[in-house]
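*Asks:* Below, the features straight out of TrEMBL:
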type: TRANSMEM; residues: A:44-65; note: transmembrane segment
type: TRANSMEM; residues: A:97-118; note: transmembrane segment
type: TRANSMEM; residues: A:125-143; note: transmembrane segment
type: TRANSMEM; residues: A:173-194; note: transmembrane segment
type: TRANSMEM; residues: A:215-240; note: transmembrane segment
type: TRANSMEM; residues: A:252-271; note: transmembrane segment
type: TRANSMEM; residues: A:278-297; note: transmembrane segment
type: TRANSMEM; residues: A:303-322; note: transmembrane segment
Amino acid sequence: MLSLHKDSFYSLFKQHEFYLSLLIALLILGLSVATEDFMTLGNIFDMTVSSAILGIMACGLFVVLIAGGIDISFPAIAAIGQYLMATFVLANGGNFAIAFAIAALTGIALGMVNAVLVYKLKAPAIIITIAMLNVYFGLLIYFSNGEWLYGFPDWFMDGVEVLRFTASDGYDYGLNLPMMTLLAVIALTSILMNKTRIGRQIYAMGGNSDAASRIGINGFGLNLFVYGYMGAMAGIAAVVQTQITQSVAPNSLMGFELTVLAAVVLGGTSMSGGKGTLLGVILGVVLLAVLKNGLTLLGVPSYWHTVVTGLIILISISMTALNEKQQAKQVA
Amino acid sequence: MNTLKLPTDRNIRYLLMILAAIMALMAFSLGGTFFSLTNLQSMSSQLPLLGIFALAMAVCMLTGGINLSIIATTNACSLVMASIITLAPDSSLMLMAALAAGLVTAVIVGLANGFLIAYIGVSPILATLGMMTFINGLNVLVSGGSVISGFPDALLLLGNGDILGVPMPLIFFALFAIGLWVILEHTPLGRAIYLIGSNEKASRFSGINTQKSLVYVYIISSILCWLAAIIMMAKFNSAKAGYGESYLLVAILASVLGGINPDGGFGRIIGIFLALLVLQALESGLNLLGVSSYLTMALWGGILIVFIALQKYKS
């Protein structure tokens, strides 16, 4: 029974990612024909940088969702990490290693607070993290007075760039800070979820937490880990966002939680845990990024962007649900 | 049914205790100011809007679902109504047509949500998240992101008038809350809602048309949004995409504080009413004390956590 179940998951999710890739390929093909700018190096760079924060946070939320949890509070966690990091950098200088460390450690600490509450109170994670979103964000604005921070040192403003080269269009390109961070985070998450014991345990816990605890998996420890990981990702994304926008506004990430959730579930990650792949999540992020970029290049008014995004989400999740239903019928 | 209700009665005791503590604290620190007619009236004109959103959220949560599209739906209704009213602000016929069009909008959204959840099998959080994004987009598209204002007095009265000193929104809230209470506790649909929340499969096998019931639930939730839209239009004297977004998560918070189990099956209207009193008393009291509204926001979240902890350690 278990193996049958597992096989149907795999064929199903291969399907989901297959259709998602097909959709993205069609979009890219259409956009390359319809617009001159889409397939340029410059545009692809811009697209990657502007979706880096979404991608980094999506990696974190993916891990939490696989574990069978959910986190709504991460934009507030990111904002707190960002604020502490910026305050430190403005007062003492430093370098990117210190900046990332401060924001990520703040995120880990606050994420672990979530984990303790979710695990010990046995209440739905969505409720606990909505409550904590209010607590974190309310306290941040109260103590920071909602003040903006800017005027960072030069090393922060300039960022980091490696592998710089001049393309045929005459512009300089290279891997910049947002891109390198995004790639590093994806690599880290991929190794974590596919190659390590802890990753397997996260899948197991999300699939069936009772069975997981019976075979000796430490549920509390894993909870600390996944919410801490989400917090770390939130903190890392916060540093990247500060570097891109060159300023800190305490409320700039608010409301972002549902966008990230949309990207992750678009990629086929199940809300009930245990099912989903990182590849799917990346495809979900890519789909949203290509869609937004394509509509802009086509000169579609920005009013339409949300409508189209909403429609794509509705269609995609409906197809997944119908697929699952059929699969369930076949198994029965 | 009685066994179903038992666990929430303890919640109601806790809520009364928390409420009494807040009242005592406010009486001690603010004296008569807190219990003055002005403050009570301002409290009772602020409470209904959040209250209606909480009801719209709670009725879905009772089935084990959630409705993330309530604010988007409300804005859609108010934009539809506003654009019809402003065509001829003095015509009462146009006002009626507008209200009807708003109701139709709400029912369509409810049907769509219900269909996705009950018949396609999309999880409620995803279906309503997608719907929220889609409707938000339509709202901005249709209105061009601008404010629509200029409503007749008849409409403004619905949100700002009072009968014998009781604000109209409070009367609407009371009527709809009682209506919902009757549906939940005294009709077959209500019984179906609690049973679906407890165990959907068992309800289906016991002969309840769970799919149809779920569609009704999301339509009821949307109709409450329509009422919220009327009150919001009257209160702000305008309609705009993006109004009231901060209410979304607070509505979930108020429902859970009111003893609605987010996994479904448990919770009563009276609990939500008490939770609203707690949140509103805290907000008004702290506001009078000159405490930052953001600290109030943090306290709301904190109270919910404490409340959940209390439930956990008593059981």
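Glycine is treated like the rest: Cβ placed from N, Cα and C.
Because TrEMBL annotations are produced automatically, they should be read as predictions rather than curated entries.
Quick one: where do these features end up spatially?
*Replies:* Nonlocal intrachain contacts for the transmembrane segment (A:278-297), taken as residues 6+ away from its ends with a CB within less than 8 angstroms of a stretch CB, comprise 13, 16-17, 20-21, 23-24, 27-28, 30-31, 35, 37-38, 43, 46-48, 50-51, 54-55, 58-59, 62, 186, 189-190, 193-194, 259, 262-269, 304-305, 308-309, 312.
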*Asks:* In terms of Cβ proximity under 8 Å, which residues at least six beyond the ends of the transmembrane segment (A:215-240) contact it?
*Replies:* 52-53, 56-57, 59-61, 63-64, 66-67, 69, 71, 74-75, 77-79, 81-82, 85, 96, 99-100, 102-112, 114-116, 118-119, 177-178, 181-182, 185, 192, 198, 201-202, 204-205, 209, 253
*Asks:* Any chance the transmembrane segment (A:44-65) and the transmembrane segment (A:252-271) are in contact, meaning at least three CB pairs closer than 8 A with a sequence separation of 6+?
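*Replies:* Contact criterion met.
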